[in-house]
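Straight from Swiss-Prot, the features:
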type     : residues                                 : note
BINDING  : 38-45, 70-72, 115-118                    : ATP binding site
ACT_SITE : E116                                     : active site, proton acceptor
BINDING  : Y147, T191, E192, L193, I194, G195, Y200 : substrate binding site
BINDING  : C172, C175, C204                         : Zn(2+) binding site
Amino acid sequence: MATLKASFLIKTLDSDVTGDFLSDLERRGSGAVHVIMGPMFSGKSTSLLRRIKSEISDGRSVAMLKSSKDTRYAKDSVVTHDGIGFPCWALPDLMSFPEKFGLDAYNKLDVIGIDEAQFFGDLYEFCCKVADDDGKIVIVAGLDGDYLRRSFGAVLDIIPIADSVTKLTARCEVCGHKAFFTLRKNCDTRTELIGGADVYMPVCRKHYITNHIVIKASKKVLEDSDKARAESCVAATI
């Protein structure tokens, strides 16, 4: 009896729900998520812009997004380290984009590019909605790790839902070999510290380790110096 009920349910789903669902999918088209990641100065934004321009050349409607936190080169453009720019929407979050862009205009979009994706806390949710529910192509560019080589934001979280993942490398500023990591030049410990070549540099494994040790040692010296200075000031006032 249970088998008959299950069989009836499957047939019902096949004929009604599944048919409507597949029909809806065909109308919307097939969505996709493509991830471009790597350290700073590895050409992520350049690669993203190249992909976006290719989509435009193929006649697709495109929108570019970036985090409003990134104001290094321009507030309303995605700009590469080489100075190449492309107009974009600068947003504090992603899920509000369809409404801000206008639902009619949003529904006509084929492709959405996202730069500096590590700054968006709702990246996973947005990519699922855009690709799975709305049938659009999402091309995401962002850092895969922070200056401590830990997961940064939600970029790594979207790998399980990605159709493709491209990991780029930079060139080590010390030896010229392939660079997989981002080294912070100063002793600031904030996870989010927006900057360019004045704050960060790409390095290989060897020079990440050696330079990181030096920076940590320098930080300790500064902390000890500040502590000694503070103790000296306290002693002088007693």
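FYI, residue positions are counted from 1 along the chain as it appears here.
Placement of Cβ uses the backbone N, Cα and C atoms for every residue, glycine included.
Location within the structure of each feature annotated in Swiss-Prot.
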residue	record	Cβ within 10 Å
G38	ATP binding site	24
S42	ATP binding site	25
K44	ATP binding site	27
D70	ATP binding site	17
Y147	substrate binding site	25
C172	Zn(2+) binding site	22
C175	Zn(2+) binding site	12
L193	substrate binding site	13
I194	substrate binding site	14
Y200	substrate binding site	20
Per residue, counting other C-beta atoms within 10 angstroms of the C-beta, which of the binding-site residues E116, E192 reaches the highest number?
-> E116
Rounded to a whole number, how many Å is the Cα of G195 (substrate binding site) away from the Cα of D70 (ATP binding site)?
-> 9
With neighbours defined as other CB atoms within 10 A, the best-packed of the binding-site residues Q118, T191 is Q118
Looking at the binding-site residues M40, R72, Q118, which has the shortest Cα distance to C204 (Zn(2+) binding site)?
-> M40
Give the sequence-ordered list of residues that share a chain with M40 (ATP binding site), lie 6 or more positions from it, and have CB atoms under 8 Å from its CB.
-> L143, A170, T182, Y200, M201, P202
Quick one: which of these binding-site residues, C172, C175, E192, L193, I194, have their CA within 10 A of R72 (ATP binding site)?
-> I194
Using DSSP with the three-state reduction, classify G195 (substrate binding site) as helix, strand or coil.
-> coil
Can you tell which of the binding-site residues G38, S42, E116, C172, C175 lies nearest to I194 (substrate binding site) in space, using Cα positions?
-> E116
Where the distance is taken from Cα to Cα, which of the binding-site residues Y147, C175, T191 turns out closest to G38 (ATP binding site)?
-> Y147
Rounded distance in angstrom between the Cα atoms of C172 (Zn(2+) binding site) and T191 (substrate binding site) | 22
Other than C172, C175, C204, the chain contributes near Zn(2+) (Cβ within 8 Å of their centroid) the residues R171, E173, V174, G176, H177, K178, A179, V203, K206, H207
Structural state of K44 (ATP binding site), classified by DSSP into three states | helix
Enter the number of other CB atoms within 10 angstroms of the CB of R72 (ATP binding site).
-> 12
Roughly how many angstrom lie between the C-alpha atoms of L193 (substrate binding site) and D70 (ATP binding site)?
-> 10
